[in-house]
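Participant: Quick one: the structure is below, questions incoming.
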Amino acid sequence: MQSVLVLDFGSQYTQLIARRIRELGIYSEILPYNTTPESIREHNPKAIILSGGPTSVYDASAILPDDGIFSLGIPMLGICYGLQVIAKHFGGEVASSSKHEFGRAKIMVAQDNEPESPLFHDIPDSDVWMSHGDKVMQLPEGFRVTASSENSEMCAFESFGSKGALKIYALQFHPEVQHTLYGKQLLSNFLITIAGITPDWSSKSFIEHQLEEISRKAGKETVICGISGGVDSTVAAVMVGKAIGKQLHCVFVDNGLLRKNEAEKVMTFLSTLGLRVTLVDASDLFLKRLKTVASPEKKRKIIGRTFIQVFEEQMEQEKFLVQGTLYPDVIESVSVKGPSETIKSHHNVGGLPKRMKLKLIEPLRELFKDEVRAVGRELGIAEDILMRHPFPGPGLAVRVLGSVTKERLDILRDADEIFIEELKSTGLYQKVWQAFAVLLPVQSVGVMGDKRTYENVLALRAVESSDGMTADWAQLPHDFLARVSNRIINEVRGINRVAYDISSKPPATIEWE
């Protein structure tokens, strides 16, 4: 399979570059900016892209690649900071600009170049997305300008003449961002026309490759997989099951913190896939340990430890553990930025492999979230499973604020189900990234049937996002919110007030705990 390497210099758009490349049907991989030429050769890419970054190439602390990457003979495209890296390496001059460019700008494509730039073939003067404070003041020898903007006379250039065979191209703007009108065409021109890549990356080809890999890795050994009912674990389990059949042992732990009727729905669905699944009802154990615990961090840690204990008890003689690790998790561990600050501890089975001396099978570790869903469709997984909203590992424990009891969980389940039902019936469910109800540790005075009430307050939360990293609160219609509130107060005993959360992320997080 032909591939592209994206060297990461710390840009907020690095993952977006990789995703845009894959949308063209070409496999892309992200590696740190300081990856050695030897390592790059081992990957055998057909093209290299240098990402943007937050630093300046003329600073003493500038992050720069190994000079050897420019001698590999592999077509290269520098984006934003990547352009400046190329300019500096080949002897150009980069300095701080008196005018910074952030946001939309218009580029003018050079019209007098002979022959025409292959990168800008069929690209007219158009709007692009800029995000830079430095610019090229002097072009390196052996390069020519291919586009300019009002503030940057050399906002795109390419190797030419004596250096033409290097096939090195550079853009000061971001072709990966949707605001760059011809961004996809520019990437296509570079990867398909210039680098000569034939698109061969698809969900089908990925599945075929993974089935062979899983079968080879597992051999005749048994494999265990913890299933949550979420998209990632379901797709991972189905793929591994397709590869090794009855060698896979799936464990679904009902921790008493699931949504209404979730255990039954998940088991019914999984039974149609021919997977061997053990349902463990550990709800009493989880709720006993969570009794009187109000701290969200303590809740998460208790749930994590209890899950490991319950999971261990279901172990047979398995040698491998399936995990639904996704590509963003892999990138985070190798990126220039390093691991992010922990905002909340994550409940997962990360401690299981080392603790139980298990080897890992991670069939989704090369995929982004949208690609996981595409693979799931190819595997025949039902759309309502694939398009479910994200659900936190600790379940409803972090949506019942304060102490967690069965009574409070049941109140929340009933209210949450009404909210989701209404979203689906009005076609709004797929228009929001995530929606849920939160039971607050607050009671308020109300009046029902001429009687005073003192009952729970419920908050509704719905957000719009593309990746969950940032999010805006969803501006749902007022009449819709009124209908949901009215149903909840009338149908769910124990709630007399409903509020709607209008906080964005940041500063708030999507989940309340």
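Glycine is treated like the rest: Cβ placed from N, Cα and C.
Copying in the features that Swiss-Prot gives for the protein in this structure:
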- CYS80: active site, nucleophile (ACT_SITE)
- HIS174: active site (ACT_SITE)
- GLU176: active site (ACT_SITE)
- SER228, GLY229, GLY230, VAL231, ASP232, SER233, THR234: ATP binding site (BINDING)
- 201-388: domain 'GMPS ATP-PPase' (DOMAIN)
Participant: Starting from the Cβ of ASP232 (ATP binding site), draw a 10 Å sphere and report how many other Cβ atoms land inside it.
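Facilitator: If we count other Cβ atoms within 10 Å of ASP232 (ATP binding site), we arrive at 19.
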Participant: What are the non-local neighbours of SER228 (ATP binding site), defined as same-chain residues 6+ apart in sequence with CB under 8 A from its CB?
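Facilitator: Spatial neighbours, sequence-distant, of SER228 (ATP binding site): PHE252, PHE391, GLY393.
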Participant: At the Cα level, what's the spacing in Å between VAL231 (ATP binding site) and GLU176 (active site), rounded?
Facilitator: 27
Participant: Out of the active-site residues CYS80, HIS174, GLU176, give me the one sitting nearest to GLY229 (ATP binding site) by CA distance.
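Facilitator: Minimum Cα distance from GLY229 (ATP binding site) across CYS80, HIS174, GLU176 lands on GLU176.
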Participant: Could you tell me the C-alpha distance between HIS174 (active site) and the residue listed as 'active site, nucleophile' in angstrom, no decimals?
Facilitator: 7
Participant: In angstrom units, rounded to an integer, how far apart are the Cα atoms of GLU176 (active site) and CYS80 (active site, nucleophile)?
Facilitator: 11
Participant: Along the domain 'GMPS ATP-PPase' (201-388), what average pLDDT does this model show?
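Facilitator: Taking every residue of the domain 'GMPS ATP-PPase' (201-388) together, the mean pLDDT is 84.
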Participant: Provide the three-state secondary structure of HIS174 (active site) computed with DSSP.
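Facilitator: It is coil.
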Participant: Can you tell which of the binding-site residues GLY230, ASP232, SER233, THR234 lies nearest to CYS80 (active site, nucleophile) in space, using Cα positions?
Facilitator: ASP232
Participant: Using an 8 Å cut-off from the Cβ centroid of SER228, GLY229, GLY230, VAL231, ASP232, SER233, THR234, can you name the remaining same-chain residues around the ATP site, in sequence order?
Facilitator: ILE227, VAL235, ALA236, GLY324
